[in-house]
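A.B. asks: Straight out of TrEMBL:
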{"type": "SIGNAL", "residues": "1-18", "note": "signal peptide"}
{"type": "DOMAIN", "residues": "29-349", "note": "domain 'GH10'"}
{"type": "ACT_SITE", "residues": "271", "note": "active site, nucleophile"}
Ligand code: 9MR
């Protein structure tokens with residue numbers, strides 16, 4: 001149990017607040033109305049969601065995305081990526097990032113900012129020319145300097161580097177690696193520390209790391225190397241893009257997160273979704289509910305796991321069907337805005353100590 005949970009539980013007892021009550025289709029706990037309320041009561045900083053720019057035209061969608069009882073944090077799914085932020089060399093355009101970050105900030109929602117350095121969604125000017133090592137380091141610094149300065153007081157955390165490792169724990173072969181060498185990671189984190197505000201948490205973010213495996217072990221080794229050399233890093237993000245019925249177990253997820261919390265880092269679930277082989281069924285939804293709940297519980301029970309972000313909450317805008325044909329329905333809300341069993345399972349797990 002997290003410290004905040006304990007103190008909250010004591011405060012609840014002493015204040016004589018209402019005991020958890022049962023509601024139709026799920027339980028409701030005290031005054032908590034949604035997942036973020038429950039997450040905060042359980043000692044997490046937030047329950048959050050990715051939001052993508054096309055969704056900003058959908059008022060029904062926004063009424064949920066901006067409901068702070070459900071979501072206390074927003075992450076731009078695309079709007080802060082390199083191809084949109086710096087579409088021409090040294091020409092910066094914050095329109096798409098601002099469209100997500102500004103309303104969330106005005107609404108009192110935290111923001112996870114995503115991402116300074118990735119191998120994907122890079123602009124043509126960057127990928128279509130061979131730069132020297134010195135040039136690319138200076139391009140990287142200029143990009144981080146501008147974006148970090150622009151969003152200086154806007155981000156609880158930045159995903160500084162995204163998906164730099166292969167499954168076997170070797171470095172992914174990207175233009176960053178082949179031009180600069182593995183030290184590009186150190187440059188990115190040093191530049192991020194130099195230009196973000198002091199409180200901003202600097203994260204490394206990746207998928208398929210929710211077990212102790214070659215990839216997560218390699219990332220833990222990188223963290224230890226950073227710490228030895230004085231390279232700043234504050235957190236590791238576990239994307240948690242999962243498949244119904246074959247997610248890592250609760251124990252495996254806790255063990256993987258502990259590789260990093262024992263080094264003094266915080267961790268977070270940053271892109272949770274659980275995709276299902278179509279057609280969907282009641283049985284598959286029940287399994288998906290268990291899978292979602294397991295991951296949320298693993299974070300809740302791990303000291304220094306600060307929060308859970310779903311990689312969008314509404315099936316029609318999920319990235320899954322584009323990339324995995326025949327799979328889908330990966331989110332907590334279905335196409336007709338019904339909350340799925342997974343929603344209630346997550347609520348139950350967050351509220352279970354009340
Ligand atoms: O959700 C994003 C989708 O709209 C984009 O088309 C895609 C491009 O690769 O990126 C998606 O978000 C990814 C995130 O930035 C990093 N982790 C994996 C996510 C799903 O692909």
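Every residue, even glycine, has its Cβ placed from backbone N, Cα and C.
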A.B. asks: For the residue listed as 'active site, nucleophile', just give me the three-state DSSP call.
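C.D. replies: SS state of the residue listed as 'active site, nucleophile' = strand.
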A.B. asks: For residue 271 (active site, nucleophile), list the number of other Cβ atoms lying within 10 Å of its Cβ atom.
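C.D. replies: Summing over all protein chains shown, residue 271 (active site, nucleophile) has 26 other Cβ atoms within 10 Å.
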